[in-house]
């Protein structure tokens, strides 16, 4: 396997995992602190998808930290295959949650003008923006691990 920046067990891989955790946790926190998120199914789905992303990314960040401290490699084909599948699943779920929440945000709060609380609208929009940033970092990780698996 070739050395690609962002692969599991490297510092750039750890930075990607930590940024995924931070963006997903930020998205959850802004959505949960807004008042009526539970009345929109897309927002509830976004929280579920971002919650799964936090768990997945935090677990892999711990694994990356362990590999860096112990100077171990995480490039066995079985592990890389697991990373590819997990990253692609969480990437798909995160993109679906972010896109559906963005659609609801634009429809209800932009087109219909039914946002009477400005602070709540900003929280929804910020949560969706953080979800898309999370998805971008997941996409980078998943493409990196797929490229790594294909080069084996």
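Backbone N, Cα and C atoms are what each Cβ position is placed from, and that goes for glycine too.
Swiss-Prot assigns residue 119 and residue 152 to opposite sides of the membrane. Given the ranges 1-21, 22-42, the record in Swiss-Prot names 22-42 as transmembrane segment.
Sorting each residue of the topological domain 'Cytoplasmic' (1-21) by its DSSP state yields 11 helix, 0 strand, 10 coil.
Sorting each residue of the topological domain 'Cytoplasmic' (99-127) by its DSSP state yields 23 helix, 0 strand, 6 coil. With DSSP states grouped into helix (H, G, I), strand (E, B) and coil, the topological domain 'Extracellular' (64-77) comes out at 8 helix, 0 strand, 6 coil.
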